[in-house]
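*Asks:* So TrEMBL lists these for the protein:
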DOMAIN    3-124  domain 'Response regulatory'
DOMAIN    134-231  domain 'HTH LytTR-type'
MOD_RES   59  4-aspartylphosphate
């Protein structure tokens, strides 16, 4: 799912961008979702409710809370470096103010459909190159953790526990339902999937992680673990 937000106090601008993106995705086999907002406050209310977007088209000249303030809040308060931001403005003179927000692009009004699509294509391309992210939900809250921060997953009474370098969290599910790349993760037991980068060493029946935590390797997984970690 590729999620997009459009935030502009001009309804015609929001509609133009939405229609252009709808037209683009009609020819692509990609699931997407677009939300429109006509104020920075509305957008931040959604973001503070833990809604995540891959790309935001964000008008700078919004009333009250302007786009620069919204972008800065996303980066500094929400600590979100994942979401791509494309600023929209009638004035091409905000370069210094926008530098620290690291926008993907600056869209000057009036803009063309091709420019809107160009930003979308660039954001989708960057998403493919970005840090790989594991996403899961706890209630209505969507959480994202970079693969590189995950040490291992464990299961316990219908719940999956994700163990990271900074702590742990849990959500309902089964380890068998996780779609993890075998280039980075390996299952060592019916109750454990570990991130290979944190395996310090392994023995016949256990692996030792870089934090000195030892996890068991069950008999059913010993051969594949040995072959995988020794290759």
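Just so it is clear, glycine is given a Cβ too, placed from its N, Cα and C backbone atoms.
Annotations in TrEMBL come from automatic prediction, not curation.
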*Asks:* Averaging the per-residue pLDDT over the domain 'Response regulatory' (3-124), what integer do you get?
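*Replies:* A mean pLDDT of 90 is what the predicted model shows over the domain 'Response regulatory' (3-124).
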*Asks:* Under 8 Å Cβ-Cβ from the residue listed as '4-aspartylphosphate', six or more apart in the same chain: what's there?
*Replies:* 7, 8, 9, 10, 13, 67, 87, 88, 89
*Asks:* What is the number of residues in the domain 'HTH LytTR-type' (134-231) that are helix, strand and coil, as DSSP sees it?
*Replies:* 21 helix, 50 strand, 27 coil
